[in-house]
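The active site, nucleophile feature in Swiss-Prot is assigned to 396; the stated evidence is sequence analysis. Per Swiss-Prot, the feature active site maps to 527, 529; the stated evidence is sequence analysis. Here Swiss-Prot flags 23, 162, 163, 164, 202, 203, 204, 205, 206, 207, 238 as CTP binding site. Annotated UTP binding site per Swiss-Prot: 23, 202, 203, 204, 205, 206, 207, 238, in sequence order. Annotation comment: Swiss-Prot describes 24, 25, 26, 27, 28, 29, 81 as ATP binding site, evidence class sequence analysis. Sequence annotations record features per position, and here Swiss-Prot assigns Mg(2+) binding site to 81, 155 based on sequence analysis. Annotation source Swiss-Prot lists L-glutamine binding site at 369, 397, 398, 399, 400, 419, 480. Swiss-Prot lists 306-554 with the feature domain 'Glutamine amidotransferase type-1', giving sequence analysis as the kind of evidence. According to Swiss-Prot, the region 'Amidoligase domain' annotation covers 1-281.
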């Protein structure tokens, strides 16, 4: 029908993770945790998310609806679950790790226009399902590191029964037929609710969910039973009988104290051993050396700090998921627990508001974002951190706001970004040359930003160079605006150093205040949170938390504040 179907048997194994009864049961974390366990058994694992929405990618979605956009090394805007995959597997994934209905239909329609289907009537089956299968099977090829995986774990978004998910489930069913039943494992995540009035756990929702899955031709090999408490053995036996799975394959997964405990929960229930046995994979013991040390740092901190996250989307923490996980990982590096104070940036627009929201925190983080709302509050928070000597880290938009605040501090009172004020007299932040058409509405917004990993050169002896332990770094980006080079010399008179640039020196990547002026005041145009791992904290986040610990233990005295500025701030407070 215009495409070649895969019929040959393969050494690579496929695990499909589906969900039933309700959304937000933790399919992504379950898949990530299983991937971590198989990796700890010495297997090469890669992961993929199938999203049933019609958007080509989440890049243009409202963060309040979808959460953060996770950017891969090769510049794809992907689902936040891909971030979980990278953190749990401790490896970089490519753009192939996220497939959407929008991508599938766009590809099929483009092929039809080119005449690749040789006059066929293009239909959901086989053309859409074949395209999905090709995307799934492509994960068996060499990854970004040039290695071929032993196992591909594919999470199917949505809930069984959703119209949008049907082509993806059908494609998964066909893959079991194409590559051999011994090479595919179906894992279904379902809810077992507890009814307080009767004091009972109810199995009917899971039974109906599995029945819906079987109705489309998929018999699950194992069930993840999500509940707020342990599912007793008697109920496991009942579910096993009614859903036609082995009792050992009914995995009780009560809520865990930390997401990093989930691999231990699954291992205790024997899921990884069951998967290895069913797929005929080599059996090796789990090496808990690295993950065990992580759990020790998670549950046995020696210190505690509070970090204010001053953002626009704080009503939905998932909008900053990688940032919060990177902060916590930075704490793990110092064996410290990081408590996050969510501060809506609007609260910090005045000196009094900033003081009320931030006066007793140990560090401040200014994350990325888009649009004018809340910008003056971010600038106000930066001013408070600079004048009070509070450790600060700015990310992407955070760097731009740091530059705006520095410019205003030296008399450019109306300094701004052309994103917020196109006709500003002092555009210290301007549109990148290759982004002007998109900003003007003359080109697509989706997928057109400066995306993916780019190198930077750091100034020798700078705060950031010492944090990284290197003068050559690479970070992921997602932005359309940059520091206006025409203002660099002028802004430098404020004391702000441009300590990292692109290799050609044209794009500002890092700014900072020297260590002798401020304990830690750093911002980057990049998104370093995307490369942080719980077992390998990112250097900038580790440095921020280390500075926060020192700040907490030291006397909190203002640092190098002019008398008139100090008096003004105190009057405002």
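Here the Cβ of each residue, glycine as well, is placed from N, Cα and C on the backbone.
Cα-Cα distances to residue 206 (CTP binding site) place none of the recorded positions 24, 28, 529 within 10 Å.
The shortest Cα-Cα distance between residue 27 (ATP binding site) and any of the recorded positions 238, 396, 399, 480, 527 is the one to 238. Classification of residue 238 (CTP binding site) by DSSP places it within a helix. In the predicted model, residues of the region 'Amidoligase domain' (1-281) average a pLDDT of 91. Within the set 23, 202, 203, 204, 205, 206, 207, 238 that the record links to UTP, no two Cα atoms are more than 24 Å apart, and one pair reaches that distance. Residues within less than 8 Å, Cβ to Cβ, of residue 238 (CTP binding site) and separated from it by at least 6 positions along the same chain comprise 203. Compute the center of the Cβ atoms of 24, 25, 26, 27, 28, 29, 81, which mark the site for ATP; besides them, the chain residues with Cβ within 8 Å of that center are 19, 30, 31, 155, 189.
Counting neighbouring Cβ atoms within 10 Å of each of the recorded positions (202, 204, 527), the lowest count belongs to 204.
Annotated pair residue 398 (L-glutamine binding site) and residue 527 (active site), C-alpha to C-alpha distance, rounded: 10 Å.
Look at the binding-site residues 26, 28, 205, 369, 398 and count other Cβ atoms within 10 Å of each Cβ; 205 has the fewest.
Here residue 23 (CTP binding site) is positioned 13 angstrom away from residue 205 (UTP binding site), judged by their C-alpha atoms.
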